[in-house]
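Trainee: Quick paste from Swiss-Prot:
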TRANSMEM  1-32  transmembrane segment
TOPO_DOM  33-239  topological domain 'Periplasmic'
REGION    55-162  region 'Disordered'
REGION    70-81  region '6 X 2 AA approximate tandem repeats of E-P'
REGION    91-102  region '6 X 2 AA tandem repeats of K-P'
COMPBIAS  105-118  compositional bias 'Basic and acidic residues'
DOMAIN    148-239  domain 'TonB C-terminal'
Amino acid sequence: MTLDLPRRFPWPTLLSVCIHGAVVAGLLYTSVHQVIELPAPAQPISVTMVTPADLEPPQAVQPPPEPVVEPEPEPEPIPEPPKEAPVVIEKPKPKPKPKPKPVKKVQEQPKRDVKPVESRPASPFENTAPARLTSSTATAATSKPVTSVASGPRALSRNQPQYPARAQALRIEGQVKVKFDVTPDGRVDNVQILSAKPANMFEREVKNAMRRWRYEPGKPGSGIVVNILFKINGTTEIQ
């Protein structure tokens, strides 16, 4: 039994119990021997009565001044845009008329007296018979007459020849004179170039266009002559 005591009561526990017991004993001792000090008696207070001066009547509390409301400034009038001055169109001044040129007076030439021509008697050696026609003139008179466009068949459509590009680039004008026949069905046949100025420039276009020409059928014609003009502005004219 004696050997188990140290195990049940260890030293740290005993030390803690002793410290707590000492603290409790100290607190009890200080509470018993505490000196109670009485407060010192209060000293007498002397009071002097003073008659208060006539109190001034309380001034009336003035209400706070009302805030002054400033009047809103009137809006400034919007200035009107300046009116545009009317545009005055000046009338064109009439051109001064040219002064008439003074007409020169034609001096009248004095009339000359014309003497009547005396008729001479006919000489027996003079030949008063009309000259005989030569063989060439007689052949021309008996040849086939040339039919003009106005008196020939009536054209239904005549396409204008195309202006050659080379001639138009060189700004060349030209004229081609053509003779042709019209068949009974109104087609153009036997085309002949009578003249071309300049040569070898417009003839091919003229022939190509005349292939498409059409005349009134049933009215054939032969030896019809027309002039085709090529103008510098690229147009053609058939005369």
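Note that Cβ sites are derived from N, Cα and C of the backbone, with glycine treated the same way.
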Trainee: So what's the mean pLDDT when you look at the domain 'TonB C-terminal' (148-239)?
Mentor: 91
Trainee: Summarise the domain 'TonB C-terminal' (148-239) by DSSP state, stating how many residues are helix, strand and coil.
Mentor: 13 helix, 38 strand, 41 coil
